[in-house]
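Residues annotated as Fe cation binding site in Swiss-Prot, with sequence analysis given as evidence: His160, Asp162, His292.
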Amino acid sequence: MNALTAVQNNAVDSGQDYSGFTLIPSAQSPRLLELTFTEQTTKQFLEQVAEWPVQALEYKSFLRFRVGKILDDLCANQLQPLLLKTLLNRAEGALLINAVGVDDVKQADEMVKLATAVAHLIGRSNFDAMSGQYYARFVVKNVDNSDSYLRQPHRVMELHNDGTYVEEITDYVLMMKIDEQNMQGGNSLLLHLDDWEHLDHYFRHPLARRPMRFAAPPSKNVSKDVFHPVFDVDQQGRPVMRYIDQFVQPKDFEEGVWLSELSDAIETSKGILSVPVPVGKFLLINNLFWLHGRDRFTPHPDLRRELMRQRGYFAYATHHYQTHQ
């Protein structure tokens with residue numbers, strides 16, 4: 001564990017009881033908490049939002065906050081402060097969330113509503129150019145001919161931050177499992193910056209703060225390059241990161257070699273967590289100090305996994321990039 005921070009006591013340690021949901025530390029790390037909505041809360045939430053189809057949430061953005069309020073009210077208004085406290089806490093910053101009884105692809109619309117409610121209790125999800133909505137759903141199959149590693153099943157998708165090739169601030173990332181068939185492997189991979197044993201070395205390197213060019217492939221529907229450094233700091237001077245190996249474009253030999261060594265140092269870290277995410281569950285992480293990726297799948301001709309993502313900004317705190325706006 002890096003000396004910059006240590007895992008601190010949190011709400012889980014205090015034995016506090018919550019209304020409408022439970023909270024426990026995960027098996028993988030005390031930094032990752034598991035939040036489960038009770039069967040009653042789930043049932044009441046879905047009943048109260050049934051009048052709005054997903055299309056209504058797409059067309060009327062204020063409804064995304066309305067469904068969030070409904071969920072928080074069902075949890076005695078304990079949910080929103082807990083989410084914010086956890087995600088903004090450097091010692092944690094990650095949740096694995098599920099709702100009892102929501103675990104089948106036939107409930108895909110209900111999954112989108114639930115994830116939308118949670119996300120809009122902490123901020124607002126950004127427009128996703130790949131899908132043209134505030135969320136994106138995409139499928140991983142046994143054969144893939146796309147232009148990035150997002151849908152390629154038989155290789156590791158390396159650890160990275162989201163939002164590196166767009167100008168919008170990306171404070172959080174939400175990744176939900178909607179469907180899974182004939183699937184072995186493919187766990188989510190997570191790495192907290194303060195558990196990365198090489199952080200000090202790379203954060204203090206002269207290239208860490210040099211603005212670099214990030215460019216996305218055609219499938220992302222983003223044509224404008226953006227420039228920013230790989231590392232920045234938060235309000236307290238602690239390292240945060242905006243990095244993805246696929247889309248950073250080194251301008252010269254020096255940058256290329258450094259980025260290659262950086263990638264190797266991340267991928268070989270002993271601090272990487274392997275987290276199974278069953279259908280209906282979703283990860284919600286602070287994108288500034290958690291990196292995420294995906295392990296490889298075992299090949300199968302009928303392999304299928306459908307995912308939903310949302311990524312956006314925290315509405316209850318200034319963003320954490322301090323030196324490069």
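Backbone N, Cα and C define each Cβ position, glycine as well.
Shown here: features listed in Swiss-Prot, placed on the structure.
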| residue | record | Cβ within 10 Å |
| --- | --- | --- |
| His160 | Fe cation binding site | 22 |
| Asp162 | Fe cation binding site | 21 |
| His292 | Fe cation binding site | 21 |
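Sequence-ordered, the extra residues of this chain that approach the Fe cation site, with Cβ no more than 8 Å from the Cβ center of His160, Asp162, His292, are Leu159, Asn161, Val173, Ile244, Asn287, Leu291, Gly293. A strand conformation is recorded for His292 (Fe cation binding site) in the three-state DSSP classification.
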